[in-house]
Amino acid sequence: MKAVIFAYHDMGCQGVQAVLDAGYEIAAIFTHADNPAENTFFGSVSRLAAELGIPVYAPDNVNHPIWVDRIAELAPDIIFSFYYRNLLSEEILHLAPAGAFNLHGSLLPAYRGRAPLNWVLVNGESETGVTLHRMVKRADAGEIVASQRVAIAQDDVALTLHHKLCQAARQLLNSILPTMKCGDIPSVPQRESDATYYGRRRPEDGLIDWHKPVSTVHNLVRAVAAPWPGAFSYNGSQKFTIWSSRICPDAQGALPGSVISVSPLRVACADGALEIITGQAGDGIAVQGSQLAQTLGLVAGARLNRPPATSGKRRIRVLILGVNGFIGNHLTERLLNEENYEVYGMDIGSNAISRFLLHPRFHFVEGDISIHSEWIEYHVKKCDVVLPLVAIATPIEYTRNPLRVFELDFEENLRIIRYCVKYRKRVVFPSTSEVYGMCTDASFDEDKSNLIVGPVNKPRWIYSVSKQLLDRVIWAYGEKEGLRFTLFRPFNWMGPRLDSLNAARIGSSRAITQLILNLVEGTPIKLIDGGQQKRCFTDIRDGIEALFRIIVNDGDRCDGKIINIGNPDNEASIQELATLLLDSFDKHPLRCHFPPFAGFQVVESRSYYGKGYQDVAHRKPSIDNARRCLGWEPSIAMRDTVEETLDFFLRSVDVAERAS
């Protein structure tokens, strides 16, 4: 039986080995690239796959149609997911005739969702387990195939329980996988009335509330002990982390948060005292409790506290859906540079925003807007400004997958717009320069230019008309129901983190990334229809500054406006862009690590994009609205943008890959 496996972490390693031991053929393994902001104490699935000689991949979005097609070509009989962190689309789940099965770290239907290992300890459970279940669209809701119970000892902490669960998982898989291989797959429906769901835990969730019962505080310490981030408190403004503790029943009448003694170090809770066995001050080293008290300058009777409150008015909360994308991650950086903004974000990956994950004003949830509607509705209600940036926005996908473009770019975003109407929230919506279509004006005016597209049998226009229809719906909601909105239309923004060379390898990237990939790999640069199409290329820094000013919205000048954001002075054909890029490439200090230039190759758009494609000769913005509403003027020359973008991608190529 041929299997495709999605796996990560120690559980992923156990699962891969168990599938092999049961005699399955593994066609491919899909995993994640390690996040540099995460403490990777666990085993590497990618390394294990490499050692076993099994093809392994770590795509940013495994649900992308390109990857769905690749998995379909593998023709799996069965699919397994062992602690893979992203939900799999229904298209993938339906690829295997025998079904798709997930290993979950709890006794389902209890503790569905994220971090069940930590949550069972937080809640003081005495038992947990592992469950193998059939995968359906809803997370962790499919029929149960098998489960194994695990007792939780009073001295168990997150790491010891993790090891127990890994051992239980291996025993479970060793028992059930041979049976499944023979076609005998048990199926027991979950009782929805018994289901509980828990969300992702964040480092800040480790903050101790000394007014809680001592058992609650002690369980929190157990649940997030090393290598997790730890439970923490403050002495004045100094943060300290508690790595291990024990319960003392007598608080001697002290107020919660009061230091009862320093040797041993004991702190009063609501109904007892917590003895701190080991801890750490700030970024220091772990020490025993009495030494920690000395380091912190604690004395009996001192009061521990919550972090100092920030003064001034409440920060502006900005919700960014698609926060890991090109615009989303650059906008996040700009907002976090200002003290009065707090960013809430969702995306299906976090590689581009890993540098923000520990920022106290950045709150990220990994998820899919087509699945996590409850989370989105709650955060639309909670936040002040909403930016729905999720979209399929690469031309080749318009002809490859027009229905997917419509479903995501229009239908899913319309639901978000309706939430904004319902909760009366301001929306800053990304329209696109594509809505102008084949407009013949010398420069495109937001309020006067006609929006002209081709015939229905050219699916290339599905993106343009999906965005245009949303523009019109948003405008109507503004006119009829008072929705506060601004539509912005980016014109060919470029810069670091635009997309990835891997995306270019599967044909799903912007033009400049594809050109850079050709230079990196020594393949000919393809000029579609000779590369005579002209565009106005805009530096991401210029674009983000304009977008930031839209969010600031001085004097409400942006309300109800459509604003082009582009650089009319940076007009160039694709051929001119390629020539400029080649010149910068030849001058780059890393040039010697890459193959010789393979030349230009002229190709027809039909052969590259498919029969449903039409191109546009020019696309130049009028930026009068941006000047008037934002006081904004683009300033960065195209050569500077090209050089910075090229440098980013060249330095992202592995040294060994350059040499090969």
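Here the Cβ of each residue, glycine as well, is placed from N, Cα and C on the backbone.
Swiss-Prot lists Val136, Lys137, Arg138, Ala139, Asp140 as (6R)-10-formyltetrahydrofolate-binding residues, and of the candidates Arg114, Arg149 the one it assigns to that same site is Arg114. Among Asp347, Asp441, the residue that Swiss-Prot places alongside Asp368, Ile369 at the NAD(+) binding site is Asp347. Taking the binding-site residues Val136, Ile369, Ala393 in turn, the residue surrounded by the fewest other Cβ atoms inside 10 Å of its Cβ turns out to be Val136. Each residue contributes its Cα atom, and for Glu434 (active site, proton acceptor) and Arg535 (UDP-alpha-D-glucuronate binding site) those atoms are 11 Å apart. Of all Cα pairs drawn from Asp347, Asp368, Ile369, which the record names as binding NAD(+), the longest spans 8 Å. Proximity of Arg535 (UDP-alpha-D-glucuronate binding site) to non-local residues of its own chain (separation of 6 or more, Cβ distance below 8 Å) is seen for Phe491, Asn492, Glu571, Ala572, Ser573, Ile574, Leu577, His618, Arg619, given in sequence order.
With the fewest other C-beta atoms within 10 Å around its C-beta, Asp529 stands out among the recorded positions Asp347, Glu434, Asp529. Cβ proximity to the NAD(+) site centre (mean Cβ of Asp347, Asp368, Ile369, cutoff 8 Å) flags the following additional same-chain residues: Leu321, Gly322, Met346, Ile348, Gly367, Ser370, Ile371, His372, Val390. Most other Cβ atoms within 10 A: among the recorded positions Arg138, Arg619, that distinction falls to Arg619.
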